[in-house]
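The block underneath contains the structure these notes are about, expressed in structure tokens.
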Amino acid sequence: MEGLSLLQLPRDKFRKSSFFVWVIILFQKAFSMPLGVVTNSTLEVTEIDQLVCKDHLASTDQLKSVGLNLEGSGVSTDIPSATKRWGFRSGVPPQVVSYEAGEWAENCYNLEIKKPDGSECLPPPPDGVRGFPRCRYVHKAQGTGPCPGDYAFHKDGAFFLYDRLASTVIYRGVNFAEGVIAFLILAKPKETFLQSPPIREAANYTENTSSYYATSYLEYEIENFGAQHSTTLFKINNNTFVLLDRPHTPQFLFQLNDTIQLHQQLSNTTGKLIWTLDANINADIGEWAFWENKKISPNNYVEKSCLSKLYRSTRQKTMMRHRRELQREESPTGPPGSIRTWFQRIPLGWFHCTYQKGKQHCRLRIRQKVEE
């Protein structure tokens with residue numbers, strides 16, 4: 001009881017304190033002054049509503065876009081698994097959105113695919129689209145396929161990340177990583193936060209040896225690209241290949257290349273020599289150099305937010321990232337028509353809000369239709 005008495009106020013001071021509390025509450029209602037500041041990562045949906053949806057986000061200058069690689073979701077990054085996540089579709093225009101900062105990717109891809117008649121499957125990159133700048137391994141694949149559609153999209157609705165530009169489609173001959181775009185909400189706009197590199201910066205940042213970040217290239221040939229059943233060959237040289245039929249790490253392919261070269265198992269003719277992997281060979285050597293999400297909250301957010309029209313909330317979970325080795329997993333596949341369209345819900349129209357006669361008025365800077 002003595003401890004509780006410390007929390008009690010004398011009657012006269014209680015009246016004065018309650019008066020000031022009511023003054024603060026009324027002042028906040030009148031001037032929309034936020035009483036709290038978001039300082040941690042344990043946000044509830046209602047807190048996001050209070051900060052973003054009730055007059056506290058005055059301008060999109062407070063939003064900073066960041067590209068997050070799908071490697072953070074623990075997806076298989078080998079070429080046979082990755083290509084199953086991509087599919088062709090017609091009648092859907094490509095969309096591009098810029099982002100200001102990103103992660104260093106462990107695995108990037110570069111595709112040069114032709115149709116049986118010799119025409120190109122993938123469109124050339126538009127002006128200003130450059131390859132993803134930070135790649136530890138670049139998987140360069142050439143080949144042929146039916147390519148049944150105008151563009152190659154991501155079946156799970158993710159973006160293809162280029163140099164500070166994210167597109168919904170794959171461009172020919174340009175390094176890209178798989179990822180999504182997230183928005184950071186800043187308490188106040190800061191000019192120096194996440195500044196973009198200079199426009200004149202070199203396109204291939206990995207050429208700078210002082211960065212201690214070397215890019216290694218792995219080459220492949222793909223047959224029947226874009227179809228349900230395709231064949232992927234790892235290229236040792238122009239006439240020697242290895243058939244890839246299971247998930248594997250980049251380190252395994254480098255060791256495989258060294259083994260074939262060391263034991264002189266290369267093709268000694270002008271014909272194509274294709275090796276197959278023994279069933280007992282472990283293709284998981286080395287480290288699966290990406291993250292795996294461990295779910296610490298079994299339930300999804302069930303409370304609806306005013307942001308639900310912009311982002312899907314059905315798959316959001318509280319997650320914690322930590323490093324570990326991943327076991328082999330089956331890559332989810334789906335029919336070409338199962339492309340999810342939540343990536344088209346990202347707001348591409350910038351807005352700015354002002355106060356007039358005590359009320360907030362918002363207007364779009366650039367009007368752009370967002371498809372549902």
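Including glycine, each Cβ sits where the backbone N, Cα and C put it.
Features reported for this protein in Swiss-Prot:
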type	residues	note
SIGNAL	1-32	signal peptide
CARBOHYD	Asn40	N-linked glycosylation site
DISULFID	Cys108-Cys135	disulfide bond
DISULFID	Cys121-Cys147	disulfide bond
CARBOHYD	Asn204	N-linked glycosylation site
CARBOHYD	Asn208	N-linked glycosylation site
CARBOHYD	Asn238	N-linked glycosylation site
CARBOHYD	Asn257	N-linked glycosylation site
CARBOHYD	Asn268	N-linked glycosylation site
REGION	320-340	region 'Disordered'
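Around Asn257 (N-linked glycosylation site), a 10 Å sphere centred on its CB holds 17 further CB atoms from the protein chains shown. According to its DSSP assignment, Cys121 (disulfide bond) is coil.
The Cβ neighbour count for Cys108 (disulfide bond), using a 10 Å radius and every protein chain shown, is 26.
A distance of 13 Å separates the Cα atom of Asn257 (N-linked glycosylation site) from that of Asn238 (N-linked glycosylation site). A simple Cβ count within 10 Å picks out one of the disulfide-bonded residues Cys121, Cys147 as the most packed, and that one is Cys121. Cβ-based crowding with a 10 Å cutoff singles out Cys135 as the top-ranked of the recorded positions Cys135, Asn238, Asn268. Counting only the Cα atoms, the space from Cys108 (disulfide bond) to Asn238 (N-linked glycosylation site) is about 22 angstrom. Following the DSSP three-state reduction, the secondary structure of Asn238 (N-linked glycosylation site) is coil.
In sequence order, the recorded positions near Asn268 (N-linked glycosylation site) (Cα within 10 Å of its Cα) amount to none of Cys121, Cys135, Cys147, Asn238. In the three-state DSSP scheme, Asn257 (N-linked glycosylation site) is classed as helix.
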